[in-house]
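Asks: Sharing a structure with you now.
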Amino acid sequence: MEMQSYYAKLLGELNEQRKRDFFCDCSIIVEGRIFKAHRNILFANSGYFRALLIHYIQDSGRHSTASLDIVTSDAFSIILDFLYSGKLDLCGENVIEVMSAASYLQMNDVVNFCKTYIRSSLDICRKMEKEAAVAAAVAAAAAAAAAAAAAAAHQVDSESPSSGREGTSCGTKSLVSSPAEGEKSVECLRESPCGDCGDCHPLELVVRDSLGGGSADSNLSTPPKRIEPKVEFDADEVEVDVGEQLQQYAAPLNLAHVEEALPSGQAVDLAYSNYHVKQFLEALLRNSAAPSKDDADHHFSRSLEGRPEGAGVAMSSMMDVQADWYGEDSGDVLVVPIKLHKCPFCPYTAKQKGILKRHIRSHTGERPYPCETCGKRFTRQEHLRSHALSVHRSNRPIICKGCRRTFTSHLSQGLRRFGLCDSCTCVTDTPDDDDDLMPINLSLVEASSESQEKSDTDNDWPIYVESGEENDPAGDDSDDKPQIQPNLSDRETLT
C-alpha cells in the first residue's frame, strides 16, 4: 500500500532543513545572493547540476559552491522552492524568467509547465477580449436600431397622412437594414482587430455600391455576394468557430464573377494598403478562374484601366503582391527559383552539386589527386597539373650527373630528383674475369664529377639543357671513362 501523504511530508522535512541550513552541502551564488541546498536534490532534478556535481562524487566531504550568471535570483528562488515543495509560483510577470532559467538548468518538466501556463493565459485573455468586443458590438447595434426607430417614428409624425404609408415602409426598411448592419459590424470585430468596417472590406463595399446602381432585375435575379479576406485562425479556436463561420460567411467571390457583375466602364477601386487585402489577393490569385499568369495579368489590366493617375501607390502595391506570388519577372519569361545546395558543416551554399562537393573537401581534408612522382596529394586536379609542370619539370631534358648525357623519358619514379639516368645507377666494373662482378661506388662518381661542376657557371643541380641540343654520347664517354678507371684503381689499391 502506498501512502500519498508520505511524499509531501518528506519534501516538507527537506524544505525545513534547507531553510534552517541543516546538512546543506552546496551553495549557489546568483546575482550576489547565496542559496543553500542539498546535492542530492539538485542532482536528482536538474541536468545542469547533475553534470556539474559529477566531478565532485569522489570528494563528498568538500563543500561545493556554484555561480550562475545567466539565471536571475528571483527565478532561481522560485525554482528552488519548487524542487523542495513541488509547487511552482507563476504569474504573468515572472513566467518568462522562470522558463528561461529552467531551460538553462535543463529542467524539462518546468519548461513544459510554463508553456502550458502561457498557452492557457493567452486563451483566457483572448476569450475575454472576444466577449468584450461582441458585447460592445451588440450594444452599438442596439443603439443604432433604437436611433433608427426613433428617427422613423419622428418622420412618420412630421409627414402628412397621405405620405404616411410611404414613410412607414421606409421606416420598416431602415429597421430591417439596421440589424444587418449591426451583424456586419460584429463580424468585422470578430475577423480583424480593427473596428473600422471600411478598412476591413474595401472590395465588398465597392461591389455592393456598383451592384446597387444597376437595374432592378439584376438586383432581384443575382443577389450581391460577399467577398471575405483571408483570416488566420488560431489552432485552439478553429474547432469551436468553424461551424459558425461556415454558416455566416458565403462562398468567396472570385475575380471573374466580380468583372461580370460590374457594369462596363466602371473600375474596381482597390485599397492595397491594408494587410488583410493583400492576403485576400493572394488567396484570390490562388483560386482564380484564370489558369495561368498571362490570364491573371489580363484580368487585372481590364479591371484597372479606368483608374485615375493618382493611384500609382496602389498599382505598385499590386505589383508587389503579384511578384510575391509568381516569383521574379524578367520581361515575359518567368524566372524559376534556383535550388541551392547547403553545406552540412557551415553556412556556405552553392548552385551546383560539384562545387559543393569540392567545398566539403576543405572540411573533411580529402585529397583525391596524388602526384605519381613525389606522392603529394591535392584537392583539385588543376593543382596537381600545375605542380607537375612547375616542380618536376617533366618537359625539360636533364643532364645526367654521372655520364653527362641528357635524358627525359627513360626514368623511374624519383630518379629525376637525383639527376642520374638508369645506366648510371647500374654501372658495374667488368675485369678480365667475368665471374667476379664488383659494383661501382656512386659516391666516388659524385666526388669526381664535383670537380667538373665547379668550373661550370651554372651551379644548380640537376642541370637542365636550355638550348635543347643533346651532347654527343661518344665524346662524353671518351672524356669521362678514363677518369673513372683511375679512381677505381686507387680504391682497389687502398683496400
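Placed from the backbone N, Cα and C atoms, the Cβ positions cover glycine too.
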Asks: In Swiss-Prot, which of 9-32, 273-296, 369-392, 417-440 is tagged zinc finger?
Replies: 369-392
Asks: Looking at the candidate ranges 42-64, 111-133, 341-363, report the one that Swiss-Prot labels zinc finger.
Replies: 341-363
Asks: Using DSSP, how many residues of the domain 'BTB' (24-92) fall into helix, strand and coil, respectively?
Replies: 30 helix, 15 strand, 24 coil
